[in-house]
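Engineer: One structure, pasted below without further comment.
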Amino acid sequence: MNLKVLAVFVLCAILVVVTAERRGTETGGYKKDTLQDLKKRTHDCFDRYREAACTSDNIRLLCKTSAKYQINCKKSCGLC
């Protein structure tokens, strides 16, 4: 009986140590993920608008100020 209790205790201790070592964010760092970090990790990395329109928007700095262009010109705005 004591051997079973000891085995359960050891397994619980291992679980606690492994869980405590995990980092707090998806990227593995100690800082919180920002919205920009989440946008960079998107799986659909393409421009919904024409390439010329997205390039023009990037030049006019709309990529930094407009969520509309950040979503629709991900590749040209460098968000992925």
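Keep in mind that glycine also has a Cβ here, set from the backbone N, Cα and C atoms.
Since this is a predicted model, take the numbers as computed values, not measurements.
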Engineer: Mind checking which of CYS12, CYS45, CYS54 has the disulfide with CYS73 in Swiss-Prot?
Structural biologist: CYS54
Engineer: For CYS77, what is the disulfide-bonded cysteine listed in Swiss-Prot, choosing from CYS45, CYS63?
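Structural biologist: Swiss-Prot annotates a disulfide bond between CYS77 and CYS63.
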Engineer: Count the residues of the domain 'ShKT' (45-80) that DSSP assigns to helix (H, G, I), to strand (E, B) and to coil, and report the three numbers in that order.
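Structural biologist: The counts are 19 helix, 2 strand, 15 coil.
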Engineer: For the disulfide-bonded residues listed here (CYS45, CYS54, CYS63, CYS73, CYS77), tell me which residue's CB has the most neighbouring CB atoms inside 10 Å.
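Structural biologist: The residue with the most neighbouring Cβ atoms within 10 Å is CYS73.
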Engineer: Can you tell me the CA-to-CA distance separating CYS73 (disulfide bond) and CYS63 (disulfide bond), as a whole number of Å?
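Structural biologist: It is 8 Å, counting Cα to Cα.
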Engineer: To the nearest whole angstrom, what is the C-alpha distance linking CYS54 (disulfide bond) and CYS45 (disulfide bond)?
Structural biologist: 13
